[in-house]
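S.K.: What TrEMBL records for 848-859 is compositional bias 'Basic and acidic residues'. Residues annotated as domain 'CBS' in TrEMBL: 658-722, 755-814. Summarising the annotation, TrEMBL assigns region 'Disordered' to 818-840, 847-866. Positions annotated as transmembrane segment by TrEMBL: 126-150, 214-236, 256-277, 284-301, 313-337, 386-408, 428-447, 499-520, 532-553, 573-598.
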Amino acid sequence: MESEQLFHRGYYRNSYNSITSASSDEELLDGAGVIMDFQTSEDDNLLDGDASVGTHYTMTNGGSINSSTHLLDLLDEPIPGVGTYDDFHTIDWVREKCKDRERHRRINSKKKESAWEMTKSLYDAWSGWLVVTLTGLASGALAGLIDIAADWMTDLKEGICLSALWYNHEQCCWGSNETTFEERDKCPQWKTWAELIIGQAEGPGSYIMNYIMYIFWALSFAFLAVSLVKVFAPYACGSGIPEIKTILSGFIIRGYLGKWTLMIKTITLVLAVASGLSLGKEGPLVHVACCCGNIFSYLFPKYSTNEAKKREVLSAASAAGVSVAFGAPIGGVLFSLEEVSYYFPLKTLWRSFFAALVAAFVLRSINPFGNSRLVLFYVEYHTPWYLFELFPFILLGVFGGLWGAFFIRANIAWCRRRKSTKFGKYPVLEVIIVAAITAVIAFPNPYTRLNTSELIKELFTDCGPLESSSLCDYRNDMNVSKIVDDIPDRPAGIGVYSAIWQLCLALIFKIIMTVFTFGIKVPSGLFIPSMAIGAIAGRIVGIAVEQLAYYHHDWFVFKEWCGVGADCITPGLYAMVGAAACLGGVTRMTVSLVVIVFELTGGLEYIVPLMAAVMTSKWVGDAFGREGIYEAHIRLNGYPFLDAKEEFTHTTLAADVMRPRRSDPPLAVLTQDNMTVDDIENMINETSYNGFPVIMSKESQRLVGFALRRDLTIAIESARKKQEGIVGSSRVCFAQHTPSLPAESPRPLKLRSILDMSPFTVTDHTPMEIVVDIFRKLGLRQCLVTHNGIVLGIITKKNILEHLEQLKQHVEPLAPPWYHNKKRYPPSYGPDGKPRPRFNNVQLNPIAEEREQTEEEVHLLNSTTL
């Protein structure tokens, strides 16, 4: 059986122990700590392993809920472990929502009894706002700390401030009176490593010494980061957004949002950014914020005991993470809604907005960049855009889509190769090699030596009279008597052409290194590297269009709006549009990305160019594959995630997907009053199914309900301890009335209270399109398949994921319409449409008549002209 394969592969109840005892670094550090695929995921025939137990719910396909029966009605006192889930299991959203409604009704019914109960009711009502407030405060504080520490350690690779060791380069020279306009970053207080070690500020010796120290610090930071991740928190590696999306969809990954992960990710994120690797801190900040939300949720019983409610807090936390990462509170809310959240009710929208507000306020109070802004690269442009410029903007969108498609395929191919080769078993060595190559190549080029955020800031910045960058080295043909904001377009000087050449090399370097860097075992975000690639390409295009307008201002496309001496083209705007296009091509975000970029840069006037570029990049990227980078990594790691963006267009039926198949062992079922305690315990011990359908009898086989494995185990153990006369030969009764038994029979065990009387069911002829929609929108773990009320099989989340994967790999063949409309009976039925008899839980083998009918159908299909 598939579940037995899971057991032998180690993916069973104690799967986390198999992770911690892994023999290689790959097993210790990969993804969420374990490499999962569809053949070894937990949703195997009702999710192998233990299931959660909590408030019993009854629900029909119409959606009506009745919480009148409870597991705890059977038990005298709560049992530890009730209502929880095992690691790498999927939560039951319907059950969790029923538990929350029952808790809410219980609190409301008691709040008028006393002042204390009223206080508890108010505390419960306000606990949601309290937890998102604490999450916002912690996220903003940690983001400010990470920004300050990363800036200081990045400058540490080049030198140190002797007057105050905790100052970075810019802060060290703030109070100096000896700086010049052209060399504003040079002051006596700041010493390079060459000046400190060999006493030379210039010359070949100075360059070589600074080069060596740059590589030394880069390797030291990278080694320390990967070592801390490997030893203390394997879950702290990577971006975290694919796992956050999976967790928000209902998957359990214990420890991924824990305190150790938070602590190590905060420290190693600073080290990874300071090492100069082609990565960013924005994606991991979402993981950090979600860790804060998860930790604070345990302070409030409303969220600590309910996994579905906890995910509302995590949705708000992800909004706070993007808010502090980009200084974009509204964009953070839209990011949570569009990209990561699986269940997003209206109250979660309000709380996400409030969490993003609090986090942004704290970060603004800290002011980590010293510019009274939430982000480093806030810019303001003074020139409007013109209709003709939509053409180069759309070209940047095409480039962004091509870059996104290339990056996704190349990065996934490299990550898959990393998993399948010996190189992936040594993550420390891989990080050291990538860091060494990055440092050696990056140092000679001033644009790659810069911190990536500083590079984006320089590319976004428009050339004004106070700019001394080589990107602004234009020839002044006109006498500018006073400082103005709008400087006319000028011919490019030697510095600009030199900068373009260096930017082209930087673009190639960033493209290659980002492919190999994203996915290594250190905290690594993708937002900033993608934006840097787009900003470089955009700045190059912007300068080209600017020079074209200057030298050919009499062309018809420029003649009406760009005359001689006019400030027509803003190259920094092209960099901003290119950054948005490339990020959109990689992540396939649209609305949230546009809002993030205009909040990021203050470019409210340029929403239309941003929208055009982002939509173009999405269309071009979707032409090569509809998956974004996060969905691709989710599929690579085998997480049980049903993407709501995917469309199901095939014509398969529930009978085609349900288990058991014809070659599988039969479905294990319970009868409502014909089995003993020993029979049930033997079935539990001999199988690894997470639940069992309950039928009326062997003869009728009509569905009565559904009993979870964990419910049965807890109820039987409790009954043996607390009820006298319960022995192995005691009859187990799921019916409302106990059947008459001989006088000498032992006392029966009534388990009706743990029975789900109306599990979700579909008929065998239900289209899979409807089944997939039910699983997506209701967050089901499993669904029973019936025919005229008789249970045939079961469909789990794993079965649906396997089916979707098979459909992707094998195009469904065409068939004549009559074949799909023809009544087909599943394997549990004979050719006459009647159910085959069962003996206990053993189904009789298919008979020859059915094989003959199947062969006849195949013959008819082959002889049909399509």
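Start at 1 and count along the chain as shown; that gives each residue its number.
Glycine residues also receive a Cβ, built from the backbone N, Cα and C atoms like all the rest.
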S.K.: Which sequence positions outside the transmembrane segment (428-447), separated from its termini by at least 6 residues, show Cβ-Cβ distances below 8 Å to it?
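M.R.: Sequence-distant neighbours of the transmembrane segment (428-447): 25, 211, 214-215, 218-219, 221-223, 225-227, 230, 275-278, 418, 455, 458, 499, 502-503, 505-506, 509, 513, 516-517, 520-522, 536.
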S.K.: Does the structure show the transmembrane segment (386-408) and the transmembrane segment (573-598) touching, where I'm treating 3 or more Cβ pairs under 8 angstroms (sequence separation 6 or more) as a contact?
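M.R.: Counting Cβ pairs under 8 Å (6 or more apart in sequence), the transmembrane segment (386-408) reaches the transmembrane segment (573-598), since there are 3 or more.
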S.K.: Taking pairs 6 or more apart in sequence, does the count of Cβ pairs under 8 Å between the transmembrane segment (313-337) and the transmembrane segment (573-598) hit 3 or more?
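M.R.: Counting Cβ pairs under 8 Å, at least 3, so yes.
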S.K.: On the 0 to 100 pLDDT scale, where does the domain 'CBS' (658-722) sit on average?
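M.R.: Mean pLDDT, the domain 'CBS' (658-722): 85.
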S.K.: Six or more residues out from either end of the transmembrane segment (214-236), which same-chain residues have a Cβ under 8 Å from its Cβ atoms?
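M.R.: The answer is 19, 25, 28-29, 32-33, 153, 156-158, 243, 253, 255-256, 258, 260-261, 263-265, 267-268, 271-272, 274-277, 427-428, 431-432, 434-436, 438-440, 443, 449, 520-523.
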